[in-house]
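Residues or ranges marked as transmembrane segment by TrEMBL: 39-62, 68-86, 98-118, 153-174, 262-281. Marked as domain 'Sulfatase N-terminal' by TrEMBL: 454-734. The compositional bias 'Basic and acidic residues' annotation in TrEMBL covers 877-888. What TrEMBL lists as region 'Disordered' is 877-903. For 889-903, the entry in TrEMBL reads compositional bias 'Acidic residues'.
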Amino acid sequence: MKLANTLHALRQRWVPVFHKLRSSPGEAFDLFWEFARRYFFSLAFISLFGAKFLHLFAHLHSLPASKFLLWGVTFFFQDVMILLLFRTLAQRVPWRSLAVVGATIVIPISLMMSGMMASNTSFYVVTGAEIHWRQATSFHADAAAMRTLLEGLAGFLVVEGILLTVNWFVAGFIHRVTGGILHVLAWPIRALVERLRPCFHRAYGSVRRQPLPDPEIYEQIAVDDYLDDKSDDGESDHLLHTGTGSATSMERRRTDTPMRRFVVLGLFGLFLLLRFLRPWAPAYMYLSGTLPLTPFLEGGHRKSPVDTTALPGDYRWLEERSSLHPAPSWDWMPQKGLPGFSDWDKTDRFALHYTPSMDPLQISNRENPVLDSLRPVLEDGSVKIKHVIMLKLESTRGDVFPLKKDSFMWNRIAESYKDKQIPPETQERLSNLTRTAEWLTGFDAGFEHNDSLHADRKAYGGISARNAHTTGTYTLKSLVGTLCGVTPLVTDFNREYKYHIYQPCLPHVFNALSQQHDITNQTDDFTAWPWHSVWMQSVTETYDNQDKLTPALGYHDKVTKETLEDPSSKHYPVKSEEINYYGYADTELRDYIRDAIDDAEASHTRLFLTHLTGTTHHPWGMPHDEYEEFMGSSWTGHNDDVNRYLNTIGFGDNWIAEIISILEEKGIADETLIVMAGDHGLSLPNDGGVTPYDNPHVGSFHVPIVLAHPKLPPVEVSTPVNSNQIVPTLLDLLIESRSLSEGSGRAARDILSMYEGQSMLRPLVQEEDGKQNWQFTVMNTGGTWLAVRSAARPAFRLVIPLVDDLEWRFTDLEKDPIELKPIKHFSLTDMANELDQKYGQDVVDWLRDAAHVTEWWVLDNWHRYRYIPQIKISKDGKISKGKDSGDKDSDDTDSDDSEDSKR
C-alpha cells in the first residue's frame, strides 16, 4: 500500500512537469542546460587534466629534472586557456540563444575529450604507450581492424564509466571553484569598464535600463536546487557585468576580497610570465599539447627525419652518396626483366637499383670461406635442399625459442609465485614447453630429458642465431624485410606494396631461377625442377591491405582465413572455432600443407611454402580455451596474460613438430630446409606490453632465426644479425649445397651479389676499416621511431625519434640486459651530456656516429623505395610531412592506416 501511494505521489508530481516540458521545448532546454553546463564543464576539466597528467607521467624521465621543475607548470597553458573559455561558455546567461551556442560547443567537445582520455588511459594501461592521435585519425575500417578495436572496448568502457561517475559527484564543486577563479581574473576588466562608464555617459547620455523580456518571449524556469545556491561563484552576476544594484553583487564584493585577488592574479601572472619566458623547443611544445587539438596538429617532421644538428661531426664520407646505381647486365635476364626485377628493364634508361658497392655503409663477407663446421657436409653433397618452408612466427621472443632454465623468462615465472619458487610439477611442464625449439636450435636449455622423443638426437641440425633482431616490429613490414632481404620503408603502416620494394623477394628469385634454360620437370633430378611459391595463414589477410602486399611479394597461390571459410575450398568446413579476432588456429592448415607437398612431388616442382603463424598473437587464444597453469596469480592480470602467451608458445612449438612429422610422413624431411624467424618479439613479460606498438623495449626486437636441415651440423651464430640476412644466407646455402642446376646456380650467384645483408654461412664481419656493421629496425608503426645498433658494439642500442614529439632512447645491454633503466631525452644534447657523465667520450662518439649514419640511411631508404613524402613549409619555415606524394593508390589513402597496430 505504501509503495502504491509513493508511486501515485511521484506520478502526480512529475507527469504535469513532463507535459509542460513536452509542450515547451525552450523550457525543456533551460532545465537541461541548468544541469548540463555544470556537468559537462566538469567533464572537460577532469578529461583535460587527467590526460595531461598521464601524458607527463609517460614522459617523466625524458627531460632533465631541473627543466621539468622550472617549466612543468607551463605545459598546462593550452589546457587552462581552453578551460577558461569553456567556463565562460558554461555560465548562466539571460539569453537562451547564447546558452544554445554554449551548449552546442561545450557538450560535444567535452564528450569527445572524455572519450579520448578514456581511450588513451586504457591503451596506456594495456600497452605502456600512448595513442598517437594523428595516426588514429586515419583508422581503416576493414573487418579485422574493427574486431581489433572492439577487443579493447571493455577497458575503454570501464575508464569512461569511472570518469562519468566521479564527475557526477564533483561537478558542482569544480564548477563553483573555477567560476570563482574566473570572476577574479575578470576583475581588472570590470574595473576598467567602471572607470570608463562616466565617459560613455557624458558622450552618449544616460543609458536606460532595458525592461525585462516579455514573458511570452522568454520565461526562465526556476530550478530551486541551483538558484538558491548563493555560493555558485560567477553565476548571479555575469563575469563582466558591472551592475551594482543587486544583493548578489554586494555579496560578490564581500567575497571577492583583495587578498583573494592578490593570490589568484599573482599566481596567474606568474603562470603567464613563465609561459612567455619558456624557450621554444619541440619537446616543450609536445608536452604542452592539449587533448582536443592533438589530432589536428601535425608533429614536427623535419626535412631530414633524424635531427643531428646538436652533435656535429665530419661525415663527408656520407655526403652526396647514394646506394642506387644502374642495374648490372646479366645475359640470362630477359630484355624487359622479370617480376620483381623491373630495374633490369633495358627499355627504362633511368632505372636505378640498390647496389652494395655504392652503399657507404655496406660490409660484405662474401669473400670469406664457408664456416669450417659446415664445409665438409656441403662439399660431400650430403645436404640436399629440394623444398624450402619458411615459418614466420608471430610475436615470438628470442628467449622463448627455446625457453631456458634460469633465463629472464624463467625468473619472471618464478617471481609470480609468493615464495619465488616454481613448483616442481610446473617445472616439469615448462621443461617440455619448447622441446621442438630446443631440438631445432641445438641450444642448451638446461633441462634433463630422460625420454627418447627425438631418438636421442640432441639437435635437428642447422644454423641458429642467438642474437638476432627483426627488421621491423610491425608484422607486415617484418615480412618484407625477411622475404626480400631489405629493411622496410620508413613510414607508417603497410606502404611497401605501393612503392618500389628495392630487391626481388624470394618468390621472385625462385621464379627467375625457374626461367633458366636447363629447367624442366621432365627429369628425376630435382635441381632442374621449377619452383612454385605458396602462402598460407589461418588468419585474415585483409588487415591493413595485406591482401595487396602478398601479391607484391610474389605470391599468387594463397591459403588464408578467407580460403578456409570458402564453401568451395577442398577442406571446408573449418573444423574449429576462431581463437582470436584474426582467425583460426594454425593447425587448420595441416591438410593444405599436405596437399601442397603432394602437388609439388606429383608435378616435379620445388615447393617454397611460406606460413605466417597467428595463434601466438594477442589475445593468445587456445583451441577449446584449454590452458595449462605456468604462472602464479596477480591482481593486475599481467600474470594471466603471460600465462596465456606461454600456452600459445607451447602450442606453436607443437605445431612446428607436427609440420616436421608431415615432412617425414611425405618422405621429404631430409630434402627440406625449414627457415624460422620471429616477426617481432613482445615486451609482455618485461613491462606488460601486449603489442610492439610504439614500444622500444628490446623484448620487441629480439627474435629467433633458424635455418634447419637434418643433414647440417648444429651451428650457433653468436654475432649480432638482422632478419634481412635470411635471403642471402638461404641463397648461399642453395648454391654451396649444389641444390641448383648449373643455369639457376649462375643466376643465383648474380642475384646474391645484390643483397646488402651478410650470409650467416660464412664468418660475419662486424667492423672493417673503421666502418661498423650497422643494423636498423623500423619500429611499429614505421614512421615515428627507428632502432639502430652496431654489430661492432652489440651492447649499445639507440632508438631515434623521427618526429619532434618523441624521445631519444639509449640502453647498454651489458649493464642493463632487460632495459630497466633506459636513458631517455627529448634533446640529443641532453642525451650526450648524460652519456658523457656516465660512460665517457667513447660512448658519446658512438652516439654521434649512430645518429649521423641513421640520418643518411633514412633518406637513402626513401630513395630506394622511390618514396617521396610531400613536404609542407609553414609560415615560420618549419618543414612538415604531409600526405605521401607519388602514392599509386591515393584513393584509398584514408582507409590504409589502422589506429591499432598490434600486428
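The first residue you see is number 1, and the count goes up from there.
Backbone N, Cα and C atoms are what each Cβ position is placed from, and that goes for glycine too.
By the count of Cβ pairs under 8 Å, the stretch nearest in packing to the transmembrane segment (39-62) among 98-118, 153-174, 262-281 is 98-118.
Here the transmembrane segment (153-174) has Cβ contacts under 8 Å with residues 38-39, 41-43, 45-47, 50, 114-115, 117-119, 121-123, 125-126 of the same chain, all six or more residues outside its ends. Sequence-distant contacts of the transmembrane segment (68-86), counting only residues of its own chain at least 6 positions beyond either end whose CB sits under 8 Å from a CB of the stretch, comprise 41, 44-45, 48-49, 52, 56, 60, 105-106, 109-110, 178, 182, 185, 271, 274-275, 278, 284, 287-293. Cβ atoms under 8 Å from those of the transmembrane segment (262-281) belong to residues 70-71, 73-74, 77, 80, 181, 184-185, 187-188, 826-827 of the same chain, restricted to positions at least 6 beyond its ends.
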